[in-house]
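Trainee: This is the structure I want to talk about, given as structure tokens.
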Amino acid sequence: STMRERKTTDPFHLGDPLHSSTDLSEGKEKLRLKQEVGLISGVSLIAGTMIGSGIFMSPEWVLHHMGNPASSLLIWAACGLLAMFGALSYAELGTIIKESGGEYIYILRIFGSFPAFLFAYTSVILVRPAGLAAVCLSFAEYAIAPFYPGCSSPQVAIKCTAAACILILTIINCLNVRLATSVMNVFTAAKLLALLVIVVGGLVLLANGQTQSFQNGFQGTTAGIGAVGVAFYQGLWSYDGWNNLNYVTEELKKPEVTLPRALMIAIPLVTCLYLLVNVSYLAAMSPSELLSSGAVAVTWGDKVLGSWAWLISLSVALSTFGSSNGTFFSGGRVCYIAAREGHMPDILSMAHVRCLTPSPALLFTSAMSLIMIISGSFTSIVNFFSFMAWLFYGMTISGLLYLKIKKPELPRSYKVPIIIPIIVLMAAVYLVLAPIIDQPQIEILYIVLFIFSGIIFYFPLVHFKYHPRCLQRVTLHLQLLLEVAPTTRDAN
């Protein structure tokens, strides 16, 4: 069939080795993704995805919504703390349910098929492609800016460059997992170096007495719950990626050790860098200059580095390319795992027989991202992406609380204090409800309607298992064309 049936009735897969899933043929070696991601690659995947376009584009929006430098720095610190709490909660989930897929697989195993399908439908069709498109558009803006000095870059050139970026990422990720992780490691090192340049430059400015931006730092603070919520959205966009390692659990070496360690290294590192970079921006620019800057990092470079300012544009381009690679790497896995569980067409659950990469899922994610590039602004994409993301984060964290209270006997190698997921759940509820209550927008209604439009597909295709015969032929021809075959689960 083109939509795969569930393979087991055990919701947490704790009683079987999980190697009885789809096989190529009876008695032959089973096909599965390799365990190629170690601690360094894990840290690079988290930090490399988190440090993308956000820290170079979001500071002005956080400052705009909060009204002053000191409160905006508090938002950045709070976002880092929230990301850390969320990641620690996910680390425990990852040691209970040792499967790839992140929120999707956790919602499926805890709450069942219907809410998991709605998440997969929303994530695969809209959220992940939109996030990837936003990062690639940011990459394109910085990459071609030097070719159009003194004027704005044409939209056609920006969109063509962003599309080329997605196609290059598709080739890299389809060829080899090790190649994709090597690209992540190299670009993560490059972007950390770029951020260190900004941090050191800011410290030099502070040492020379440029502290005007921090005088009367809390004057004019915004008090509205909606404005604070939107400021959090913009800040949390820069931290998005803290959960990426949970999407590739089956590809981790020793996941029960690697997952918590990588999170505890990467997220505090990124938080400290973000705070220091924001301080550096404010040391080089007044709040009004920062608010009027279209590209904060470039303005900083012009003021501090002079003729070497082009290094910042290059660094931002490298940073956003590395981040888009991490987003693409993990986003393709959601599509792959959802198909393996019967919530997407079966072809998307297959892997290349030689490269051992989920190439059909990656190609589908690439196609959806190319469609997203056609329209949409950076700010609007960030706001709706954050709303949908925290809606499902809240559902996942409530699942962890359910397991901690109702199923404490489940084996787990790492436990997070229960107060931490409670704090994250409260923050998720606030982030979802605050903008609706304070500044209701019609776009949020469209988002909710899109999520529930998944019902149209769920009941005929998944619940009642109606599979048109023509799709079986399409699946067979695609299998032959793409040289892919079904895979087995690997719960380590």
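Placed from the backbone N, Cα and C atoms, the Cβ positions cover glycine too.
All annotation found in TrEMBL is predicted automatically rather than curated by experts.
For reference, TrEMBL lists these features for the protein:
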REGION    1-26  region 'Disordered'
COMPBIAS  1-10  compositional bias 'Basic and acidic residues'
TRANSMEM  37-58  transmembrane segment
TRANSMEM  70-91  transmembrane segment
TRANSMEM  103-124  transmembrane segment
TRANSMEM  160-180  transmembrane segment
TRANSMEM  186-207  transmembrane segment
TRANSMEM  262-284  transmembrane segment
TRANSMEM  304-323  transmembrane segment
TRANSMEM  360-378  transmembrane segment
TRANSMEM  384-403  transmembrane segment
TRANSMEM  415-437  transmembrane segment
TRANSMEM  443-464  transmembrane segment
Trainee: Which sequence positions outside the transmembrane segment (415-437), separated from its termini by at least 6 residues, show Cβ-Cβ distances below 8 Å to it?
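Mentor: Long-range Cβ neighbours of the transmembrane segment (415-437): 82, 85-86, 88-89, 91-92, 225-226, 228-230, 232-233, 236, 383, 386-387, 390-391, 393-394, 397-398, 400-401, 404, 444.
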Trainee: Go through 103-124, 160-180, 304-323, 384-403 and flag the stretch with the largest number of C-beta pairs under 8 Å relative to the transmembrane segment (443-464).
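Mentor: Highest pair count goes to 103-124.
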Trainee: Does the transmembrane segment (262-284) come close to the transmembrane segment (384-403), meaning at least 3 CB pairs under 8 Å for residues 6 or more apart?
Mentor: no
Trainee: Taking residues 6+ outside the transmembrane segment (70-91), which of them lie with a CB under 8 Å of any CB in it?
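Mentor: Counting only partners 6 or more residues beyond its ends, the transmembrane segment (70-91) has Cβ contacts under 8 Å with 46, 50, 59, 62-63, 102, 214, 217-218, 221-222, 228, 231-232, 235-236, 238-239, 242-243, 246, 259-260, 263-264, 267-268, 270-271, 274-275, 278-279, 393, 396-397, 400, 414, 416, 420-421, 423-424, 427.
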Trainee: Count, for each of 37-58, 160-180, 304-323, the Cβ pairs lying under 8 Å from the transmembrane segment (262-284), and report the range with the highest count.
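Mentor: Ranked by Cβ pairs under 8 Å, first place goes to 37-58.
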Trainee: Counting only residues 6+ away from its ends, which parts of the chain sit with a Cβ under 8 Å from the transmembrane segment (160-180)?
Mentor: 33-34, 36-37, 132-133, 136-137, 139-140, 143-144, 251, 321, 324-325, 328-329, 332, 352, 355-357, 359, 362-363, 366, 369-370, 373
